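Reviewing the structure listed below.
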Amino acid sequence: MEISSHQSYLLQQLNEQRRQDVFCDCSILVEGKVFKAHRNVLFASSGYFKMLLSQNSRETSQPTTATFQTFSPDTFTVILDFVYSGKLSLTGQNVIEVMSAASFLQMTDVISVCKTFIKSSLDISEKEKDRYFSLSDKDTGSNGVERPPFYSSSWQEEGGSPHSHVSPDPGKPWNKYGYPPASQRSPQRPLAKHEQRKEPSKKAKHVRLPQPSEVVHFKPGKGEAQTDSGNHVSQSEEQVPVDAEVDPAPAGFQYSQGPDGIARSFPDDLTRLRFKCPFCTHVVKRKADLKRHLRCHTGERPYPCQACGKRFSRLDHLSSHFRTIHQACKLICRKCKRHVTDLTGQVVQEGTRRYRLCNECLADVGMESLPADLEAEQHRTAPADGDKDCRWHLSEEENRSYVEIVEDGSADLVIQQVDDSEEEEEKEIKPNIR
């Protein structure tokens, strides 16, 4: 029968012993502040202490002292309290320091908890940002009255009104939108090009949200239909300069009626930059870039080098390190591409080409019986000082079989390879050249 409360009770007793400095056989010095602890507890909770105490396992009778300068005493207090109580006190101010210290002490549980804390804080910031953008979409006035969408005075059709502003004409469809025909409009003075360039502010002041009091939707009553018809024409003429000076909408602009029209008309440049670092002002567009940026704060190096064990925070830094440090000036066999040394391989020169082969590849090509006094044999078999050709040193039978005739059909050139002097070679080759 297992009692689950026994482990927590035992941990509480060890924590009380640590606070009262009872049976503490290890001292940790962090920037001048001394912490007392038990070696068995530190050995079981940290990979770094496990490696450190294993080296000093023979000196168990003497107390052990460890000194750290990589983190602050407050950070180590949080970690030591977690070791003895299982409770990790994380805040937005100390999570980076705690995660960096846990990475140094090789405490994987603390690192995973810190990562979860950072991710949850990012999710909270994302929710707040989404809430901010959702509130900004509801473009309301200062008095609580919702503002109408853009271009509502000239693009919105009045449906169901018993009396229209101007009598409808089937040949002139603009009348039903409350826009007067060309004959009723007063001539407007067009803006000159230099005025448009010099005074952009005058032109831009017309492009704005109409206030609730400025909406030009005039619906006369039954008794006022005839008396107010002239007033409506004058109001339409006053509205013409505003609508005439508004720049035409771009091709990608979408007109819509309703509160969602404003949100869809604006570009979504603000919503693209949605990943902000919770510890600095850095903002990125992708979550992977934010994850890589957080390693600058946490000190995490997840990519180890397989050759020397050095760790890196980015994969491209690891590949550059391996290429420049471990593969620079590396001798490899040309055939099997394995690493060779002066003892496990030899340099082979074939004409002007020089390459290196390992002993196994030399045995495969039948060159395992190279003479030990290679230089002396080269002096005995060298034809002349001016002959720079370096041939393979083979036996007499192989030399006889190596003599062959190479025919070139394109130039009708026949070359016979024999071991003769230069003068005899020239006499034999010159008559064959056509």
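Note that Cβ sites are derived from N, Cα and C of the backbone, with glycine treated the same way.
It is 303-326, from the ranges 15-38, 63-86, 303-326, that Swiss-Prot records as zinc finger.
Within the listed segments 91-113, 275-297, Swiss-Prot records zinc finger for the stretch 275-297.
With helix defined as DSSP H, G or I and strand as E or B, the zinc finger (303-326) counts 12 helix, 4 strand, 8 coil. The average pLDDT computed for the zinc finger (275-297) is 84.
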